[in-house]
Amino acid sequence: MSLEGMRDIQSEQCEAGKAIFPSIDDRHSATDDLEPENLSRKASSNNNDVGDAQQDDREYLTGWRLLLTTIGLLLSLLLVNMEVSIVSTALISIAADLSGFSTSSWIVTGFLASYTGFFIIWTKLSDFLGRKIGIISSSIVFIAFSGACGGSSTMTQLIVFRVFQGIGASGVYGICVLSIYELVPPYKLPMYGSMVAVTMACATAAGPLLGGAITDVGHSVWRWVFYLNLPAGTIAIGLIAIAMPANFPNGIRKTLRHQPLGNPLSSRQWGSQLDIGGATLLLSGTFLLIIALFEATTRLSWSSTVTIGLLVGSGVSWVGFFLWERAVTLREGKIQPVFPWHFFFNRPWMGMLLVSFLVGFPFNVVVVNLPQRFQTTLDLSPFEAGVRLLPYVLGSSFGAIVSNGICSRRNIPFIALFFVGGIMQVIGLALLATLTTEANFPHVGYFEETLCGVGLGVAFSILILATPFTADKQYLAVATGAIIQLRFLGGAIGLGIASAIMNSSLRSQLASVLSSEQLGALLDNAEVMTRFSPTARKAIQLAFVKIYNQQLEIMTGVSGAQLLAVFLIWKRGSQLRAARQTAN
């Protein structure tokens with residue numbers, strides 16, 4: 001078959017994606033017609049009009065520029081996606097070296113708090129500064145504070161530097177994904193989505209192995225978990241600086257009918273258009289919520305004045321954020337909202353955001369839960385724990401790759417894959433939560449890891465793939481940031497909940513076994529349990545198993561809620577008939 005024939009077929013398949021998910025401002029378009037023949041008919045009828053219009057309007061990168069830009073973007077995604085898994089495997093060693101097991105989860109949670117707070121801000125900022133400047137700037141922040149993390153001498157220093165590292169990482173992730181959307185024509189997005197999935201496969205698989213291998217050498221060698229980002233990140237910056245056009249993606253347009261988004265503006269121009277109020281309220285709501293979850297589970301209680309104040313402050317910030325965005329959107333002034341009010345009037349899009357939020361809970365909790373479980377209950381080294389996490393991370397990557405392939409070659413609606421992914425998550429997590437009550441891990445558990453990972457990979461990849469077919473060009477930057485930010489916000493909250501369960505349950509279950517001094521030492525460093533008597537050690541391991549099971553039980557319920565959220569995306573009956581009429 002000729003290249004042009006393949007292009008036509010792929011264009012039809014991408015238009016089928018538009019039949020499933022509407023434009024943000026089009027409330028009557030076909031969201032999820034579950035009949036493939038209708039999707040094919042709609043794609044065929046619209047392919048020439050829409051596909052040709054898109055190709056006539058823009059020239060895309062080719063040759064060495066496309067190759068080097070793609071490598072630079074994927075390498076950047078590789079580095080930031082390794083951060084959670086590579087560090088989570090090394091948490092025990094880091095906590096032992098810096099004496100802070102009770103606060104070790106904040107090494108991950110602090111990173112995620114800033115990571116989740118800046119996605120929309122960075123992607124929107126790239127509309128003003130340009131994609132190239134945005135990626136390079138965020139990469140410099142990420143690399144600089146990676147070096148600072150490696151040089152930390154106290155747990156407090158490490159946590160603070162991780163927060164700033166997360167700020168840079170969010171920009172790298174968000175703008176790289178956004179740039180990939182704009183790098184190639186729409187019919188190539190499933191192929192590039194598979195490339196992103198393979199990159200994430202490498203990241204999630206290599207993270208635990210590298211983290212484990214490094215920390216197995218010695219406690220102080222964990223610093224190389226962060227130092228690795230310096231040379232690799234510098235290479236990624238160099239590739240993007242050389243190959244990506246200065247005004248990408250607008251610098252390669254044939255014609256400009258209006259002021260293009262993403263075209264760098266003067267500081268005075270973009271300063272007057274930046275939604276500083278919305279960005280501030282968004283950050284405030286995110287940070288205060290995550291800090292409240294963490295503090296309530298480590299040094300404070302849920303009833304303490306500080307915790308209540310943080311939660312109230314977060315709630316006020318979120319309410320203020322939504323009211324502010326409504327006012328800015330309806331005013332239609334110079335300020336461009338970071339979260340347009342129009343989003344709230346599109347039920348399918350809000351359903352996607354809710355699903356993305358809920359997917360984040362189990363994904364991050366399992367990545368932290370399983371390595372800690374293997375180290376505390378099976379006495380495995382960090383590297384061995386990383387190896388045993390591979391079924392989960394490879395399953396997630398496999399699910400992402402397969403779902404992208406299905407979307408590119410079959411007329412299977414996205415919503416069907418959402419249901420399949422959600423069901424697999426529920427089954428896998430439920431089986432893991434009831435796997436054993438002893439300090440062991442039966443072999444069937446690795447199959448359950450894989451099942452859970454495949455389901456999460458399917459859901460995550462479809463969320464990313466569907467976004468450019470859902471969002472108007474005008475809102476693509478903030479839509480990309482929102483879909484990613486909601487996922488990581490869910491992950492940060494999930495880890496906060498898991499930490500709350502861990503710290504409160506350990507205190508209650510081991511109060512009759514350990515003295516207050518011993519319990520405090522255990523919360524600071526889990527490795528001290530090797531110094532206790534065999535009886536006390538057995539009780540501690542059984543307590544850990546019970547707590548890990550409780551964490552997974554809650555994540556099972558969250559995954560079940562995903563299935564309910566998917567119904568927000570589904571249209572049926574008269575809505576589908578109206579959608580078909582609109583499509584025709």
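Positions of Cβ are set from backbone N, Cα and C atoms, glycine also.
As written in TrEMBL, here are the features:
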type	residues	note
REGION	26-54	region 'Disordered'
TRANSMEM	66-95	transmembrane segment
DOMAIN	69-574	domain 'Major facilitator superfamily (MFS) profile'
TRANSMEM	101-121	transmembrane segment
TRANSMEM	133-153	transmembrane segment
TRANSMEM	192-214	transmembrane segment
TRANSMEM	226-248	transmembrane segment
TRANSMEM	274-294	transmembrane segment
TRANSMEM	300-324	transmembrane segment
TRANSMEM	349-369	transmembrane segment
TRANSMEM	414-433	transmembrane segment
TRANSMEM	453-471	transmembrane segment
TRANSMEM	483-502	transmembrane segment
TRANSMEM	552-570	transmembrane segment
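When the stretches 66-95, 192-214, 300-324, 483-502 are ranked by Cβ pairs under 8 Å to the transmembrane segment (226-248), first place goes to 66-95. Listed stretches 66-95, 133-153, 300-324, 414-433, 453-471 were compared with the transmembrane segment (483-502); the greatest number of C-beta pairs under 8 angstroms is found for 453-471.
Only sequence-distant pairs (6 or more apart) were considered; of these, fewer than three Cβ pairs between the transmembrane segment (66-95) and the transmembrane segment (552-570) are under 8 A, so the stretches are not in contact.
Contact count against the transmembrane segment (453-471) (Cβ pairs under 8 Å) is highest for 349-369, out of 192-214, 274-294, 300-324, 349-369. If one looks beyond the transmembrane segment (349-369) by at least 6 residues along the same chain, the residues whose Cβ comes under 8 Å of a Cβ in the stretch are 21, 24, 84-85, 88, 91, 105, 108, 112, 204, 343, 389, 392-393, 396, 418, 425, 429, 432, 449, 452-453, 456, 459-460, 463, 466-467, 470-471, 479, 482-484, 486-495, 497-498, 548, 551-552, 555-556, 558-559, 561-562, 565-569. On the 0 to 100 pLDDT scale, the domain 'Major facilitator superfamily (MFS) profile' (69-574) averages 82 in this prediction.
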